[in-house]
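Copied over from TrEMBL:
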- A:137-278: domain 'NADH:quinone oxidoreductase/Mrp antiporter transmembrane' (DOMAIN)
- A:308-459: domain 'NADH:quinone oxidoreductase/Mrp antiporter transmembrane' (DOMAIN)
- A:12-29: transmembrane segment (TRANSMEM)
- A:36-58: transmembrane segment (TRANSMEM)
- A:78-105: transmembrane segment (TRANSMEM)
- A:117-136: transmembrane segment (TRANSMEM)
- A:142-162: transmembrane segment (TRANSMEM)
- A:169-193: transmembrane segment (TRANSMEM)
- A:219-244: transmembrane segment (TRANSMEM)
- A:265-283: transmembrane segment (TRANSMEM)
- A:303-326: transmembrane segment (TRANSMEM)
- A:333-353: transmembrane segment (TRANSMEM)
- A:449-468: transmembrane segment (TRANSMEM)
- A:488-507: transmembrane segment (TRANSMEM)
């Protein structure tokens, strides 16, 4: 058995905090005071644990850049390895921010609804699943964390128990069960082909298949299966159809968490598996389509991943943007908008996958990460603002809203900042996200992609303006006149607006962090070395 | 049906205990023992009705068919679930305090015990018992709530 030092314990700390908080919240049961102390203490502890992880592993002057943890003291590749590098730390910091906002916001939200005993435990299980997905270095373990995350989100989609919530939950559960089956099939296939599921071991074997006596070609097809599962989680077209109903059905603070955390798990999984695991493989890929001129060819499986992502991302930008323009409720617009925005995150990932220049690859990954950060903050803010509007007026339909800006100026300011960040106006975080994505596309020299991004941005401006005009300006409707806005909720939303502004103004350290994360994503050798999968199977 | 139940339930419970105890070396463990224990309860429920546990076994006064009677038992099941989860997580945290990785396990072999002579006590038993409580509590909550409808 290997004794573990406290420096390594920091890797597992965020998971333990989430797990212990979930159990404590469950034990607190109906006692109101205890429950809110546990809920608040848990998420603050989580943020501190993530901060400590990011600092000791990545940001401190003498940081090692990567740290591993062998659960149960079993050595890799047999035991489960947890790996924290800059990419994991970046994603975790993002999630911790939105989780803090969402759970503080929930304090008032959860107090008014039924079945609130299970609200916080499920929140923490959701958080646990997300954290586990970011930290695990084992493919099957990734599947397990996906399931933990899904179990909690199933309950939240059906939380209010009305007919439309039940219907949304039914589709959500059916789709995700199918996705889980496909995931399991892919994982099983990869194990059959390569003989390992440890990601570092997998990367090592794929880079030099002859030495391990394996034939890596089927991995490309199996990875395509996994890619479709991750695309469902991220909500890329053609797997986007569950998003609008599910996001409308879940409680708004949870929707903020789903959009800020679980969607990003899909993106993270694509980035991690493509660039850390699959990048070293040399497999000829050639896909001929019946239409002349369209086809994929290259000597790395990434060429195939890139092409598939391009198509999905482009379709997402169009479907999301066009869909958002015509919705009749704020949540509807935001849900479609998040389909489009995920497209904006996937485009640079696709550019990184297709290019062969390592410089451009890194620029593109940085762009995707910064855009993901902006999307988490801005979309999280907007969904929380919808929650505040809904608990104040009882509705979020555009036809029944109007003149909210006069009723609650702070809420309107926060919503305005969130919308501008989505559109990408300087000096907010959204500007840098958009700028870096355009920069990556320009460096790749692809005019159609630039045109697509431009069109998507114009659609963003169109629907953001429409929501703002319909609900915050104009004459006050009766629903708005009688509204009383909760100060805690507005404070949370304003704090997020402040965070967006702070990221935009002090962008330099954020950019450095994203750069480190991109380096870590592309450094497959460093990853393998840190995990050290050890000797051969006898 | 009731006669069979009287014979079968003790057997099921004993098999469940044996599966639980040998779980760390042989096929078995907290999950499967929990499921088996639940089936014993299910057989009792089917043969004697949902109120039998409280009226017949615990000797409480219950109005048949009322929800509060069931609620008391269900609340106990839920507590069992939460306590089991806490136990499982807690057993994982203990090695952390002692300076070993999360979920590390060990075992002690005790010699010179009457009848057994040689008994192996594994730390995995604590975790398994937590799992057992979670499974029994969770399944019985679902069964009695859904069964009442």
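Glycine is treated like the rest: Cβ placed from N, Cα and C.
Automated prediction, rather than curation, is the source of TrEMBL annotations.
Within the chain, the transmembrane segment (A:303-326) has long-range Cβ neighbours (under 8 A, six or more residues past its boundaries) at 220, 223-224, 227, 231, 235-238, 240, 244, 270, 274, 278, 285, 287, 296-297, 332-334, 336-344, 346-347, 349-354, 449, 452-453, 455-456, 459-460, 462-463, 466. With a cut-off of 8 Å on Cβ pairs spaced 6 or more residues apart, the transmembrane segment (A:117-136) and the transmembrane segment (A:36-58) reach 3 or more such pairs and are scored as touching. Contact between the transmembrane segment (A:488-507) and the transmembrane segment (A:78-105) is supported by 3 or more Cβ pairs under 8 Å, counting only residues 6 or more apart in sequence. Long-range contacts of the transmembrane segment (A:449-468) within its own chain (CB-CB distance under 8 A, at least 6 residues past either end) are made by residues 310, 314, 317-318, 321-322, 324-325, 327, 330, 333, 336-337, 340, 343-344, 347, 351, 398, 415-416, 419-420, 422-424, 434, 437-438, 441-442. Packing against the transmembrane segment (A:78-105) from elsewhere in the chain are residues 10-12, 14-15, 39-40, 42-44, 46-47, 50-51, 53-54, 57-59, 65-72, 120, 123, 127, 130-131, 134-138, 141, 198-200, 253-254, 256-257, 260-261, 264, 268, 271-272, 369, 372-373, 376-377, 380-381, 384, 387, 488-489, 492-493, 495-496, 499, 513-514, 516-521, 526-527, 530-531: each is 6 or more residues past its ends and has a CB under 8 Å from a CB in it. Taking Cβ pairs closer than 8 Å, the transmembrane segment (A:36-58) reaches residues 7, 10-11, 13-14, 16-18, 20-22, 24-25, 28, 64-67, 84-86, 89-90, 92-93, 95-97, 99-100, 103-104, 106-107, 120, 123-124, 127, 513, 516 in its own chain, all 6 or more past its ends.
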